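Below: the structure, in structure tokens.
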Amino acid sequence: MGSGCSSPSISLTTISATSPFQSQESPSNYLNFCSPTRFLEPHLLKSSKIFIPKSLLKCAKVHKMQTQVEDSAKPIVDPHDIDPKLVQKLANDALVWCSLRGLLVGDRNSERSGTVPGVDMVHAPVALIPMSFPESHWKQACEVAPIFNELADRVSQDGEFLQQSLSRTRKVDPFTSRLLEIHSKMLEINKIEEIRLGLHRSDYMLDEQTKLLLQIELNTISSSFPGLSCLVSELHRSLLQQYREDIASDPNRIPANNAVNQFAEALAKAWNEYGDPRAVIMFVVQAEERNMYDQHWLSASLRERHQVTTIRKTLAEIDALGELQQDGTLVVDGQVVAVIYFRAGYAPSDYHSESEWKARLLMEQSRAVKCPSISYHLAGSKKIQQELAKPNVLEKFLENKDDIAKLRKCFAGLWSLDESDIVKDAIDRPELYVMKPQREGGGNNIYGEDVRDALLKLQKEGTGSDAAYILMQRIFPKISHSILMREGISHKEQTISELGIYGTYLRNKTEVVINQQAGYLMRTKVSSSNEGGVAAGFAVLDSIYLV
């Protein structure tokens, strides 16, 4: 649960001459994908020392007949078969559509594009046609979304579990330590969050060898792109309808995607539960945010559908303008805040000074509804994800055995670095693992030979710094063909994709007000890169075509 979820200021990288999707810069943004590498192939299973969960092997057998059907399903179209003239028509129509409908980001070449709305906008990086995806796995991902919502809420309420699970990490990771410090203060004063709001996104990849849908992470803070992802689904539906004779396809095979309105509904209902019609919803944002339009779509939905006012403030502005009244009411710049929605604050880079940390503590002490609260934030960390994958841990938080089995079916291999056998195997075969620090926002993971180097360095230092990381099974997703478009240039690429399922959860004391799947995000990137990112020049926004 953690990396790749958040929405840092979006920046478009320099485009190379060979391909408009190969960045000349090192990626530093959030759409973090595991690139294809063999992990669960039969010959590896026979000789592997890796502790592969039995549930994965069982699921592989259960799905054998099902996947034979899926293997025979044809993709919507092979982009390499599309005439270049038709590709150009698709690209031109897509560019017009993006401009008219607000499928936009700020232009990184303009200094003002991340601070002044409406200045120097460009179309968001997109795929020109949707990605084929098995309907059975789509239904599976949607089915488990409410279960993951409930799990995150229950984990967040177990302060002792959060503190103990992250106790070693806090000693070597200053950022996690600061978060835990705020959490500890809330436990000491017995701060109770009666109204709890979660806007989550669970990210998955479809493993090519086993045909299992495996979870990459569960994001509990700043789950980005609910606004733009809906528009991409509409764009693809429009293009397939317009070019139905040229591209044999059914636009209705693209699932409905209403993430922006479902997120807005959850925020509005939390605002209503707070009970002050004069209060506002405050978006916590970065000072420079080229992905602001994704956020503004939420604000527009709140204003037009629910008549709720939103304000945008940075952490530094909240520290300067915020005050906490005796009854716990948070007032920022003279306005009472009912709901705090974080689109910043998930990474160390968001905390430039003590001012930002003071703002985070001030908000946590208030009675405003936090999305997420500090406990929800910690519940989405990678170490907690790894702890939940241990035997008999899910049973501490969930009672329904069927629900537990459904979640475990999605778990990839996850291990702590204090498991010596796993560490030894990762040193011997680093290509089979991803090494992850306790970070959100992407660009932080370690791959390939760098895994071996990092592990050997940690062993040599012997400082306990290994507690700052976990090891995860590296997933081998199917490679597909796509047409990716960035800055008006379309290019055919070999790609892999990651599916994110949004979930909304709202509880007031013991009453669950909302718990549902809430739309989706599809991201597609070139298969040759380790890292990915819509903003970093590798990934684009996509939608799915059910097969």
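Including glycine, each Cβ sits where the backbone N, Cα and C put it.
For reference, TrEMBL has these:
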BINDING   Arg201, 221-224, 289-291, Gln295, 343-346, Arg523, 534-535  substrate binding site
BINDING   Glu217, Lys382, 436-445, Tyr447, 472-475, Glu498, Lys525, Glu531  ATP binding site
BINDING   Glu217, Asn219, Glu440  Mg(2+) binding site
DOMAIN    279-379  domain 'Glutathione synthase substrate-binding'
> Arg474 (ATP binding site) to Gln295 (substrate binding site): how many Å between their Cα atoms?
Replying inline: 32
> So which one is it: of the binding-site residues Ser222, Gln295, which has the fewest other Cβ atoms within 10 Å?
Replying inline: Gln295
>> Roughly how many Å lie between the Cα atoms of Lys525 (ATP binding site) and Asn219 (Mg(2+) binding site), rounded to a whole value?
In response: 20
> When the Cα-Cα distance from Gln295 (substrate binding site) is computed for each of the binding-site residues Glu217, Glu440, Tyr447, which gives the smallest value?
Replying inline: Glu440
> For Ala344 (substrate binding site) and Glu440 (ATP binding site), what Cα-Cα distance in Å is obtained after rounding to a whole number?
Replying inline: 10
> With DSSP, how much of the domain 'Glutathione synthase substrate-binding' (279-379) is helix, how much strand and how much coil, in residues?
Replying inline: 43 helix, 26 strand, 32 coil
> Between Glu440 (ATP binding site) and Tyr346 (substrate binding site), what C-alpha distance do you get in Å?
Replying inline: 6
> Relative to the Cβ position of Tyr447 (ATP binding site), how many further Cβ atoms are located within 10 Å?
Replying inline: 18
> Which number gives the other C-beta atoms within 10 angstroms of the C-beta of Ala344 (substrate binding site), all protein chains shown included?
Replying inline: 24
>> Can you give me the Cα-Cα distance between Ser224 (substrate binding site) and Glu217 (ATP binding site) in Å, rounded to a whole number?
In response: 14
> From the Cα of Glu217 (ATP binding site) across to the Cα of Arg290 (substrate binding site), what is the distance in angstrom?
Replying inline: 24
> In whole Å, how far is Glu217 (ATP binding site) from Arg201 (substrate binding site) when you measure between their Cα atoms?
Replying inline: 8
> In angstrom units, rounded to an integer, how far apart are the Cα atoms of Asn219 (Mg(2+) binding site) and Tyr346 (substrate binding site)?
Replying inline: 11
> Measuring Cα to Cα, how many angstrom lie between Glu217 (ATP binding site) and Tyr346 (substrate binding site)?
Replying inline: 15
